[in-house]
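Structure, as structure tokens:
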């Protein structure tokens with residue numbers, strides 16, 4: 001099933017590239033179809049997932065270079081399943097979302113499908129090498145999406161994005177190779193490595209491997225102070241690509257932290273848990289404050305991503321700390337971190353799609369140029385208010401379920417970090433209410449007199465995402481059950 | 001019927017009303033809202049009878065729970081009962097988007113019902129934040145106006161700052177006991193207990209507009225009148241006091257809890273009373289009075305009589321909701337909330353007399369019910385200390401003062417015969433009359449068997465009454481009324497002395513809030529610039545630099561490599577030329593030189609084979625020496 005989910009979009013991309021006779025609408029439908037197949041396969045995998053079963057399920061394995069321990073290996077635990085399914089939903093949403101492809105529809109949808117496939121590859125891989133290859137290939141896909149369909153200074157933004165994150169990937173590669181070489185019988189099989197915990201008890205070498213991996217993943221997440229590739233890439237990227245960048249690509253950093261350092265280098269991570277948690281706290285407060293200081297809509301949302309990924313990293317760091325007697329709190333923190341990934345994907349994905357719609361209507365991201373849109377565009381207002389409140393952690397919506405668990409788990413282990421971190425939610429509240437005010441309330445400027453409300457396709461996509469946000473906020477049992485099983489194996493079962 | 005029906009019914013009906021009520025006129029809208037609330041009341045009755053607890057599982061660690069309690073039962077009935085006249089009034093009162101307002105009011109009722117039935121801190125937090133969000137939406141009702149969104153934002157942010165207390169309290173409870181239930185609070189001890197209690201008091205103080213958070217109520221006055229009426233009487237602001245009364249036994253484990261609550265309550269009651277006595281804006285006067293009245297209830301909780309606080313909440317809810325409705329009607333008549341512009345006694349005689357009943361209740365004049373509950377609070381305070389009881393009596397005198405001011409300034413007699421605004425609609429009058437009627441009926445509380453029966457039914461302990469305290473209270477009330485009458489003797493507004501203006505503005509609290517907010521904004525902006533200059537600039541420069549280098553290399557490629565190729569080509573050309581000119585010499589010369597060398601070598605080799613032994617030995621020695629030298633060099637290297 002996972003193989004279907006992984007290869008359907010790649011196949012779709014090939015189909016789109018191979019023939020040139022389809023129109024723009026047909027290309028979109030083809031892409032939607034292949035992406036839908038992938039999502040369907042993941043949903044079936046979810047339904048067949050047994051929360052009380054083994055850590056990794058639905059495993060497919062094909063040997064490739066047995067002597068070096070390389071193979072095509074896919075499989076999921078609850079965390080991977082949740083993040084992968086969210087990604088598939090978001091890719092489908094980005095593909096369906098109306099977008100002006102500037103006459104290159106076939107290429108646009110092909111690149112999106114390619115990115116879809118390799119992104120799922122990152123989340124579904126059980127092979128380190130495959131993980132790394134997919135991790136890097138996502139950069140290629142995103143580079144072309146930003147560079148070719150972006151606005152402003154897309155070439156520079158894409159170039160900076162690529163260089164910065166590629167430098168991170170290299171650090172990650174070094175870490176992976178070092179880990180690989182430390183094994184007795186070298187293999188890239190994640191299950192074996194997790195079981196062996198190869199570097200447990202070896203001092204400096206383990207620390208260096210850990211730091212190299214964390215640097216690579218922190219750039220991708222991104223954590224302060226290696227975050228500045230993000231705002232620029234977002235501002236110049238097209239709306240749907242922004243949604244993917246924030247919703248899916250950032251998750252690779254935090255997902256990687258759970259999959260590699262937390263699972264494979266647990267003991268080393270425990271030694272570094274407090275510094276990582278402090279960095280996460282810095283990201284939470286700094287990201288929120290800098291976001292509040294932005295006058296550009298997309299930059300503001302981009303910086304809130306840094307804030308939200310800070311919550312996730314905080315949860316992961318708490319889960320990694322081996323403080324005794326707090327097993328339940330650490331499990332709660334890791335569950336919260338995972339739910340934050342899913343929630344942030346859906347919420348920030350919607351917010352970036354919305355800003356894409358605003359750009360297509362006015363060509364402007366400066367919030368000062370907006371105002372009073374609630375009169376002209378009530379549907380847009382309602383959906384944005386919902387997404388904004390979800391992002392600021394309103395109960396009943398997805399963000400709260402995540403942040404509450406992260407804070408509660410953190411408090412048991414690092415009380416002061418939780419007390420300081422919770423201040424972040426007041427700043428986020430301020431920045432989102434301010435955003436809503438500047439866009440939708442107050443007086444309507446004259447140049448927006450003819451601002452059209454969302455069309456049906458946009459409402460459909462945003463409505464489905466909103467439904468997901470509400471479902472996780474009101475009845476998160478379906479998600480928490482799957483995630484919690486794996487979280488307890490990863491955080492408490494060691 | 002489970003307890004979940006109590007909050008879910010108003011929510012579902014709110015959605016239904018908003019979705020299907022597009023074509024309803026004001027009357028139909030008000031009536032359907034009324035029906036919705038009656039349904040809610042019916043469901044409340046059925047659900048409360050059906051069970052005492054209900055729960056809903058999120059995950060292994062997280063479960064939402066509802067449970068009946070004395071305080072919860074009182075509120076579960078009070079909230080829809082107060083909302084009933086308020087929604088009827090709302091449908092007729094606001095011109096713009098009444099459907100949205102009424103639906104939001106219903107949703108607000110649902111959130112409050114969830115809050116009062118919650119049995120653990122997680123459920124409470126959910127409801128607590130939902131109530132805050134609803135009030136944001138209500139205050140934002142007239143969003144087209146420039147300053148309203150910022151006021152709504154201010155109200156939301158101040159209360160959310162308090163909500164952090166609940167986040168921290170819930171986390172501390174979980175860290176200590178592994179659960180979130182109210183009953184687990186009793187198992188906490190040590191530092192975690194203090195953290196949890198402090199968090200809960202912080203959240204309650206922010207919601208109940210106690211010092212130093214009182215000023216957000218002024219910002220909340222930007223909302224429409226029905227929203228204020230509900231916000232101040234039975235929902236948002238009442239939530240803080242409800243929480244303290246509900247959890248008083250558990251919170252009392254922290255030794256500092258009672259003194260702190262008494263101190264905050266009394267300070268807010270006195271200062272709030274002074275603020276209201278100096279305010280010239282009808283709604284703000286009532287807002288300051290709300291803070292002061294909740295301050296009285298806090299004193300009751302701190303003195304160990306949470307039940308008395310709840311009784312005063314009920315009497316307060318009836319007259320305060322009514323007074324806001326009165327303020328709205330007066331505003332419609334003169335299109336301003338300035339008390340100095342009113343004196344509408346001749347224009348609105350009916351409203352004036354209803355208002356008089358409500359104002360007498362606010363003033364604490366016997367035999368109205370509110371006076372009884374206020375005297376109970378004074379008696380409860382006397383249980384702690386005589387000075388505290390006197391403080392309550394003084395606060396009561398202040399409330400008599402501002403109640404008199406409100407009534408006389410708003411409905412005093414003047415020569416005014418006509419005004420620009422509209423007269424009240426009959427729905428508005430009925431709503432107001434209903435609240436005034438209930439306020440009057442509550443006078444029964446003075447009838448001892450009745451009040452004792454109620455207290456016994458609810459399980460409330462009443463404090464011992466003191467005759468001297470009653471006398472002192474009544475004297476102070478009379479004094480307050482007298483001062484109030486004296487202060488409003490002239491109709492012409494005078495220039496206020498500076499101290500009054502400072503008092504009227506909550507001693508500069510709103511300015512303080514704005515300064516803090518401004519400071520944070522400035523900090524955020526400078527941090528954003530810092531981020532661009534320090535973190536981003538190097539990366540951008542690097543990218544730009546690399547691009548520049550790449551372009552340079554591309555140019556270099558043209559110049560250097562290409563030029564190199566040209567040079568190489570020329571070199572070959574040159575070599576070819578040389579070859580052409582000197583080729584003969586090279587081709588001929590090499591073989592003949594080799595032949596010559598071979599001939600010389602041969603001759604030399606022949607010479608060594610001389611047949612003489614000493615020649616051979618010499619050659620062998622030299623060869624061996626060379627070999628050893630070679631080995632030595634290899635060993636050293």
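Every residue gets a Cβ built from N, Cα and C, even glycine.
According to TrEMBL, the transmembrane segment annotation covers B:6-21 (among others).
Taken from TrEMBL, the feature transmembrane segment covers B:101-119 (among others). Tertiary proximity for the transmembrane segment (B:101-119) is limited to same-chain residues at least six positions away from its ends with a CB under 8 Å from its CB atoms, namely 3, 6-11, 13-15, 17-18, 21, 29-30, 33, 36-37, 40, 44, 53, 65-69, 71-72, 75-76, 79-80, 83, 86-87, 90-91, 94, 126-128, 130-131, 134-135, 137-138, 141, 181-182, 224, 226-227, 230, 234-236, 239, 242, 246.
The domain 'NADH:quinone oxidoreductase/Mrp antiporter transmembrane' annotation in TrEMBL covers B:118-395.
Panel annotation: around the transmembrane segment (B:125-143), residues 7, 64, 94, 96-97, 100-101, 104-105, 107-108, 111-112, 114-115, 118, 149, 151-153, 155-156, 159-160, 163, 166-167, 170, 203, 207, 219-220, 222-224, 227, 230-231, 235-236, 239 of the same chain, lying at least six beyond its termini, place a Cβ under 8 Å from a Cβ of the stretch. Positions annotated as transmembrane segment by TrEMBL: B:125-143 (among others).
The feature transmembrane segment is assigned by TrEMBL to B:164-182 (among others). Within its own chain, the transmembrane segment (B:164-182) is flanked in space by residues 61-62, 65, 67, 119-125, 128, 188-189, 192-193, 195-203, 206, 246-247, 250, which lie at least six positions past its ends and keep a Cβ under 8 Å from the stretch.
What TrEMBL records for B:188-206 (among others) is transmembrane segment.
The feature transmembrane segment is assigned by TrEMBL to B:256-278 (among others).
Within the chain carrying the transmembrane segment (B:285-303), a Cβ under 8 angstroms from the stretch's Cβ atoms is held by residues 208-210, 214, 217-218, 220-221, 228, 232, 237-238, 240-241, 244-245, 248, 257-273, 275-276, 279, 309, 312-313, 316, 320, 323-324, 327, 339, 362, 374, 376-377, 380-381, 383-384, 388, 392, 395, 398-399, 402-403, 405-406, 463, 506, all 6 or more beyond its ends. Feature annotation from TrEMBL assigns transmembrane segment to B:285-303 (among others).
Residues or ranges marked as transmembrane segment in TrEMBL: B:309-330 (among others).
Residues or ranges marked as transmembrane segment by TrEMBL: B:351-372 (among others). If one looks beyond the transmembrane segment (B:351-372) by at least 6 residues along the same chain, the residues whose Cβ comes under 8 Å of a Cβ in the stretch are 289, 312, 315-316, 318-320, 322-323, 326, 329-330, 344-345, 396, 399-400, 402-404, 406-407, 410-411, 424, 429, 432-433, 435-436, 439-446, 451, 473-474, 477, 480-481.
TrEMBL lists B:384-404 (among others) with the feature transmembrane segment.
Per TrEMBL, transmembrane segment is recorded for B:425-447 (among others). For the transmembrane segment (B:425-447), the residues of the chain that approach it from at least six positions outside its boundaries are 26-27, 30, 82, 84-86, 88-89, 91-93, 311, 314-315, 318-319, 321-322, 325-326, 328-329, 350-351, 354, 357-358, 361, 366-373, 454, judged by C-beta separation under 8 angstroms.
The transmembrane segment annotation in TrEMBL covers B:467-487 (among others).
Proximity of the transmembrane segment (B:188-206) to the transmembrane segment (B:256-278) is established through 3 or more Cβ-Cβ distances under 8 Å for residue pairs spaced 6 or more apart.
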